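Feature list (source: Swiss-Prot):
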DOMAIN    1-98  domain 'Plastocyanin-like'
BINDING   HIS38, CYS83, HIS86, MET91  Cu(2+) binding site
Amino acid sequence: AQIVKLGGDDGSLAFVPSKISVAAGEAIEFVNNAGFPHNIVFDEDAVPAGVDADAISYDDYLNSKGETVVRKLSTPGVYGVYCEPHAGAGMKMTITVQ
């Protein structure tokens, strides 16, 4: 699995790393690293055609350090992801599924 931290070790509001590549069906573990409330929203305008962004998003907040959400993406292409409360601070990432 690929691990993506929600929040940098330095307390930054960021996905770390901000770009990953995965094989179709490979697990992606989103882990709250900082204890700030974060969520994982797939941008409906930035996912491959036919993908239901709402179905793969995790809208609830991960509030505690160590809380984890796992997603597996099966449709190849590029996915845009953001954290709803911190999108204005630039908390966004890109996932490329091979």
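Cβ coordinates come from backbone N, Cα and C, glycine included.
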What are the DSSP helix, strand and coil residue counts for the domain 'Plastocyanin-like' (1-98)? 10 helix, 44 strand, 44 coil
For CYS83, MET91, listed as binding-site residues, tell me which one has the smallest number of other Cβ atoms within 10 Å. MET91
Which of HIS38, HIS86 (the binding-site residues) has the most other Cβ atoms within 10 Å? HIS38
For Cu(2+), residues beyond HIS38, CYS83, HIS86, MET91 with C-beta within 8 angstroms of the site's Cβ centre include exactly LEU6, GLY7, LEU13, ALA14, PHE15, PHE36, ASN39, TYR82, GLU84, PRO85, ALA87, ALA89
